[in-house]
Amino acid sequence: MSKTLTLKDIDLAGKRVLVRVDFNVPLDKETGEVSDDTRIVAALPTINEIIERGGKAILVSHLGRPKGKRDPKYSLEKVAERLQSLIGKPVTFVPDCIGEEVEKAVSKMNNGDILLLENVRFYSEEEKNDPDFSRRLSSIADIHVNDAFGTAHRSHASNVGVARYLTSVPGFLMQKEIEMLGMAIENPEHPYVVILGGAKVSDKIGVITNLLEKADRILIGGAMMFTFLKAQGKSVGDSLVEEDKIDLAREILQKAREKNVEFVLPVDTVIAKEIAAGSESKVVDLEEGVPAGWKGLDIGPSTIELFNKKLSDAKTVVWNGPMGVFEIDDFAKGTESIARTLASLNDAVTIIGGGDSAAAINKFGLAEKVSHVSTGGGASLEMLEGKEMPGIKSLSIEGGKKKRRLMVAGNWKMNKSPNEARMFAGFLASSIGNENAVDVVVFPTSLSVAGVADILKDTSIKFGVQNIYPADSGAFTGEISASMLSDLAVEYVLVGHSERRHIFGETCELTGEKIKSVLKHGLTPIFCVGETLEEREAGRMKEVLETQIRKGFSGLGKSDLERIIIAYEPVWAIGTGVVASPEQADEAMKFIRDLIASLYGVDLSESVRILYGGSIKPENFESLISMENIDGGLVGGASLQESFVQLVAIAESHA
Ligand code: ADP
Ligand code: MG
């Protein structure tokens, strides 16, 4: 299983770290000062970790809903001041989040410095997750740390978009949220008790249906209970009921019975005529029901006792939604008692989700006594609903972020006679399973391809040829055409290999023609690019790659590009035994991706597969394929031997 990278896995020294924090704090309407700094305090461990390890912390956040416009009401300037006094170090505030001023400020940073950028939602591109905006945001940093769990259910530029360009790891806050809530939805320890309350059934339908699949017991309090009680035919007086959810409540009760989930409803309630402090109140038994003119505003003492009993043996507890109108002390007893019970459960993992529930546990001063109080209101609900969280999904996976299917391709070059090729293909067919999570392709000589095709026809191993000439037929002595390959079920063609460029003098123009011909016949080109040692040493690597790519792609549209695979093969690493370092290879490939993004858009640059080629061996493949931008290998020498099978296995472990 792949695992999300953490802050601890990342080298931070000297790195520019773009930290998405949740500084969406309340500001005093008159003074503009921060009126509650809980969220700033919560981000301190992550910020301190970054600066203590020599990183440059560039903080970015949203505040309020400025609707994509610059609005001083929502400026983060006051937040910078508060952060500075909390962290005891200078915090530089930059009144923008992209552009020249930001670049200048970042370039002046020393290791351990802290910068806070202006509200990212001053740009409408943020919430649109605009690719160009994401690219600009990411351009000032080397790494992205996402500590804003509160936005994890949203796909925005500063949490998700930038992860297309930068390795993105969770901050400490985010990591704890993922661990705790993830555990509660994936592998809770049993007995697993869920407590639900709050205002509306309709807000919590998703949570109920998801947790019905996992919990052993569900306890219902809050206004929500009255919809269930009414569904059972009880009288609920003037309590809050969602009439249109009564059928649904009945279905939920039915489903709980089917699933053998114990569904526990209150047996008594505190009622009053008004939702107001000091309003006359009393406890009624729910068998008798709530009289007309009265509303149920809290769970009663017998219910508290019942719930306590139902919690006593719990190993996991998730609580979402207060038991009553806890904002008013007269109706806060139920919520407070349950909070105290949770705080006393030493043997259980206790998790609180939901904005008001968190406010309640804070009000009673019990936040430290439970295992976890989620900082994300809407985000924690969506997570408990079992929804996919874009802000978590975008985090980098250890072993590289492989959204793309991996490929291991073997270029046999001018090796193996037709008989040897058939024998080796037979060996591969028996050694490589048929259910591969990666694409496996071999490139025998044109002379052997028919024989190899025959051997591999019922396997998952694919094959291709090493070269074609870009005409369908004619007076081209020694060549074969793409159109001929359809007889043999060939799928791939290598184009622009450095040996063809350098030994046979193939030009970029001819390479471009070959790509077109391959595409025209419905085959997939593996387009090879790479710089020589001389070019690299002269600092021309990027220029050479750009020329090869622009010329190779000339006249091709986006739909053509969707069918191309690129292989980056530094010429100095082919057959020399010198292998590019994973960082060198990744850097070149990132350059290629960025170039493709600028030519054909970010979507394509994200989906295009780029293989590394050059002295790949089982010993070095692991570290190469772990890189974010490397989607596999085009293997030379090691593809002629059993080591090819090992390479496939290594790729499989990353798929
Ligand atoms: P969370 O934010 O934790 O998900 P909700 O927003 O669903 O919780 O619900 C919290 C609100 O529910 C509180 O404002 C509380 O006053 C209200 N509430 C709880 N019980 C009742 C009740 N019996 N009648 C009316 N409102 C209630
Ligand atoms: Mg709420």
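Every residue gets a Cβ built from N, Cα and C, even glycine.
According to TrEMBL, the protein carries these features:
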{"type": "BINDING", "residues": "22-24, ARG39, 62-65, ARG121, ARG154, 411-413, GLY575, SER615, 636-637", "note": "substrate binding site"}
{"type": "BINDING", "residues": "LYS204, GLY296, GLU327, GLY354, GLY355, ASP356, SER357", "note": "ATP binding site"}
{"type": "ACT_SITE", "residues": "HIS497", "note": "active site, electrophile"}
{"type": "ACT_SITE", "residues": "GLU569", "note": "active site, proton acceptor"}
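Shown here: features listed in TrEMBL, placed on the structure.
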residue : record                    : contacts (Cβ under 8 Å, 6+ apart)
GLY64   : substrate binding site    : ASN24, LYS73, TYR74, ASN119, ARG121
ARG154  : substrate binding site    : GLU127, VAL160, PRO390, GLY391
GLU327  : ATP binding site          : none
GLY354  : ATP binding site          : GLY198, ASN320, GLY321, SER374, GLY377, SER380, LEU381
ASP356  : ATP binding site          : GLY198, GLY321, PRO322, PHE326
SER357  : ATP binding site          : GLY197, GLY198, TRP319, ASN320, GLY321, PRO322
LYS413  : substrate binding site    : GLN466, GLU499, GLY636
HIS497  : active site, electrophile : ASN411, GLN466, ASN467, CYS528, GLU569
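Of all the binding-site residues listed here (GLY296, GLY355, GLY636), the one with the fewest other CB atoms within 10 A of its own CB is GLY355.
Secondary structure from DSSP puts LYS204 (ATP binding site) in a helix. Sorted by the number of other CB atoms within 10 A, the recorded positions ASP22, GLU569 start with ASP22, the lowest. It is 24 Å from the Cα atom of LYS204 (ATP binding site) to that of ASP22 (substrate binding site). Cβ-based neighbour count (10 Å, all protein chains) for ARG39 (substrate binding site) stands at 21. DSSP assigns GLY296 (ATP binding site) to a strand in the three-state reduction. There are 23 other CB atoms within 10 A of the CB of LYS204 (ATP binding site), with all protein chains counted. Checking the binding-site residues ARG39, GLY355, ASP356, LYS413 against ligand 2 with a 6 Å cutoff on the Cβ atom leaves GLY355, ASP356, in sequence order.
DSSP assigns ARG39 (substrate binding site) to a helix. Rounded to a whole number, the distance between the Cα atoms of ASP22 (substrate binding site) and GLY355 (ATP binding site) is 14 Å.
With respect to ligand 1, the binding-site residues ARG39, ARG154, GLY354, GLY355, ASP356 contribute GLY354, GLY355, ASP356 as residues with a C-beta closer than 6 angstroms to one of its atoms, given in sequence order.
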